[in-house]
Amino acid sequence: MTSLTQYFEQHPKLPQTQAVIDVITTITNVGKQITDLLRQGALADIHGEAGAENVQGEQQKKLDVIANDLLLEALTANKHCAGVASEELDDATPANESGELLVLFDPLDGSSNIDINMPTGTIFSILPHNNKGQAAQNADFLQKGTEQLAAGYLLYGSSAMLAFTLSESLDANNEGVVMFSLNPSTGEFELVKNNITIDADTKEYAINASNARHWLPPMQQYINELLAGSSGPRGKNFNTRWVAAMVGDVHRILCRGGIFIYPKDTKDPNKAGKLRLMYEANPMSLLIERAGGASTDALNRIMDCEPTDIHQRVAVVLGAKNEVEYVQKLHQQA
């Protein structure tokens, strides 16, 4: 088996590529610590609420705070990291002014799953620091998803998995999306899949149907067509899947296809969506597109969105290309 270290040694020794590799290595090392804490569960006193809200107005779990602090400490110590932005913190944290990279992360996606031993994960996005030599500020992070140098996630489930992709400009070996599994015997992430591709068609979809009454008409139409099955306009039966953690649903799509949807709804008309553009939608969109899928906010490509705030929210439809394009067509025609 090829370890993560061996895999990275096969890449060209270009300065920017090596900097990105070093940052990904730092993140995966923290992921091993989070994996150990999750395995201990209640024995490590990581269950339950932390007793505070994050900037999103969400109740923080104890492990939300722990994972955030571990990542923040490790990344600010990395010489290549000029600044860090976390879903859990109001503002970006400056790190090393001479660093050439910015890192955004969701320290523990799906943290409501912690106490019931269901999948959670860490999502990350790496951007260039275009004001090298100056302290990183929130505005430095406001780059389109197309500017990402790399993105990925760590999934903490029955096994710990790492999936990531380098941008086309850095992926000299043309390996697209790659996936590693943590070997508990060696403590090393080992390569299990590369050049992952997503089928353009699917029979599986992931959406929280409890919000159906709040969806916009085009989304209601789309899901009703799927529910009609083989006797409806789609002429085939679909299955619903829902992990309650974006990282788990995207992992399933990379492994066996499907479409993931967290649409805009009318519960709070002032919000464009539920998920965060910079910490969740952009990194997952890069992964999905590099695997041959598509990603949209139901009207436009997510990675073309011009961010105005590091905590900006967005609707998300991603996965099987033909399904995503059909959802977008319904919304554009509405």
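Including glycine, each Cβ sits where the backbone N, Cα and C put it.
DSSP assigns GLU87 (Mg(2+) 1 binding site) to coil, not to a helix or a strand. Under the heading Mg(2+) 1 binding site, Swiss-Prot lists GLU87, ASP106, LEU108, citing sequence analysis as support.
The Mg(2+) 2 binding site feature in Swiss-Prot is assigned to ASP106, ASP109, GLU280; the stated evidence is sequence analysis. Over all protein chains present, the Cβ of GLU280 (Mg(2+) 2 binding site) has 26 other Cβ atoms lying within 10 Å.
Under the DSSP three-state reduction, SER111 (substrate binding site) is assigned to helix. Long-range Cβ contacts of SER111 (substrate binding site) within its own chain (separation 6+, distance under 8 Å): GLN60, LYS61, LEU63, ASP64, THR120. Sequence annotations record features per position, and here Swiss-Prot assigns substrate binding site to ASP109, GLY110, SER111, SER112, ASN208, LYS274 based on sequence analysis.
Put simply, of the binding-site residues ASN208, LYS274, GLU280, the one whose Cα is nearest the Cα of LEU108 (Mg(2+) 1 binding site) is GLU280.
Listed binding-site residues: ASP106, ASP109, GLY110. The one with the lowest count of other Cβ atoms within 10 Å of its Cβ is GLY110. If you take the Cα of ASP106 (Mg(2+) 1 binding site) and the Cα of GLU280 (Mg(2+) 2 binding site), they are about 7 angstrom apart, rounded to a whole number.
The residues near the Mg(2+) 2 site, meaning same-chain residues not in ASP106, ASP109, GLU280 whose C-beta sits within 8 angstroms of the mean position of the site's C-beta atoms, are GLU87, PHE105, GLY110, GLY121, THR122, ILE123, TYR153, MET246, VAL247, LEU275, ARG276, TYR279, in sequence order. The binding-site residues close to GLU280 (Mg(2+) 2 binding site), defined as a CA atom within 10 A of its CA, are GLU87 out of GLU87, GLY110, SER112, ASN208.
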